[in-house]
Amino acid sequence: MKLIVGLGNPGPEYAKTRHNIGFMAIDRLAEAYRIEITKSKFQALYGEGNHKGEKIVLLKPMTYMNLSGNALAEAMKWYKPNLEDIVIVYDDMDTPVGKLRLRTKGSAGGQNGVKSIIQHLGTQEFQRIRMGIGRPAPGSDAIKHVLMNFRQEEQKLIDEAVSKIPDVIDCIIDQNFTIAMNRFNG
């Protein structure tokens with residue numbers, strides 16, 4: 001089983017913002033794996049399916065970013081996954097726009113959704129896919145930056161990064177997370 005959690009904020013006003021790239025990744029996985037994300041439970045929208053003989057649960061917390069760990073904790077009580085079966089996908093300002101960084105541990109790095117997940121898991125050691133959204137311009141506000149839509153020149157890079165997510169998850173399923181890190185870290 002794989003429990004794949006994309007971080008973001010609910011509501012149409014946030015749909016295309018930098019902070020919602022985790023939701024964009026989950027939507028791309030849902031399309032690729034033919035999983036409908038229509039169920040509501042765990043303070044989240046989610047869908048279940050099978051891919052390559054593996055049960056897949058795609059989860060989009062509806063708690064707003066800073067409380068994402070609440071939804072993950074509820075889903076974990078229900079599904080009882082092993083820690084190595086959880087993958088968190090989220091935006092990262094320290095990664096260049098459109099680049100992917102896969103990691104098995106680390107701090108929240110200022111990302112409050114990840115901070116919430118660390119608090120609920122009680123560990124920093126979990127699999128994550130950090131999707132680059134770039135830093136704001138010097139002197140610009142970080143909160144405004146993550147709640148902005150991507151600029152037109154960035155959108156192609158973001159679309160390419162999001163389109164790679166099914167290949168990343170396939171590699172994790174077929175081989176392992178370490179091989180996926182070596183193959184997809186940009």
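Placement of Cβ uses the backbone N, Cα and C atoms for every residue, glycine included.
Owing to the predicted nature of the structure, the values given are computational and were not obtained by experimental measurement.
According to TrEMBL, the features are:
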type: ACT_SITE; residues: H19; note: active site, proton acceptor
type: BINDING; residues: Y14, Y64, N66, N112; note: tRNA binding site
type: SITE; residues: N9; note: site 'Discriminates between blocked and unblocked aminoacyl-tRNA'
type: SITE; residues: D91; note: site 'Stabilizes the basic form of H active site to accept a proton'
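Taking the features listed in TrEMBL, we show where each one sits on the structure.
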residue	record	DSSP (3 states)
N9	site 'Discriminates between blocked and unblocked aminoacyl-tRNA'	coil
Y14	tRNA binding site	helix
H19	active site, proton acceptor	helix
Y64	tRNA binding site	coil
D91	site 'Stabilizes the basic form of H active site to accept a proton'	strand
N112	tRNA binding site	helix
| said: Around D91 (site 'Stabilizes the basic form of H active site to accept a proton'), which of the listed recorded positions (N9, H19, Y64) come within 10 Å, judging by Cα atoms? | reply: H19
| query | If you count other Cβ atoms within 10 Å of each one's Cβ, which of the recorded positions N9, N66, N112 has the most? | reply | N9
| Going along the chain, which residues six or more apart from Y64 (tRNA binding site) have their CB under 8 A from its CB? | N9, P10
| note | In whole Å, the longest Cα-Cα distance within the recorded tRNA binders Y14, Y64, N66, N112 is 16
| query | Once near-sequence residues are set aside, which residues in the chain of Y14 (tRNA binding site), 6 or more away, have Cβ atoms under 8 Å from its Cβ? | reply | G8, N20, L147
| message | Validating a neighbour-count step here. Other CB atoms within 10 A of the CB of D91 (site 'Stabilizes the basic form of H active site to accept a proton'): how many? | response | 27
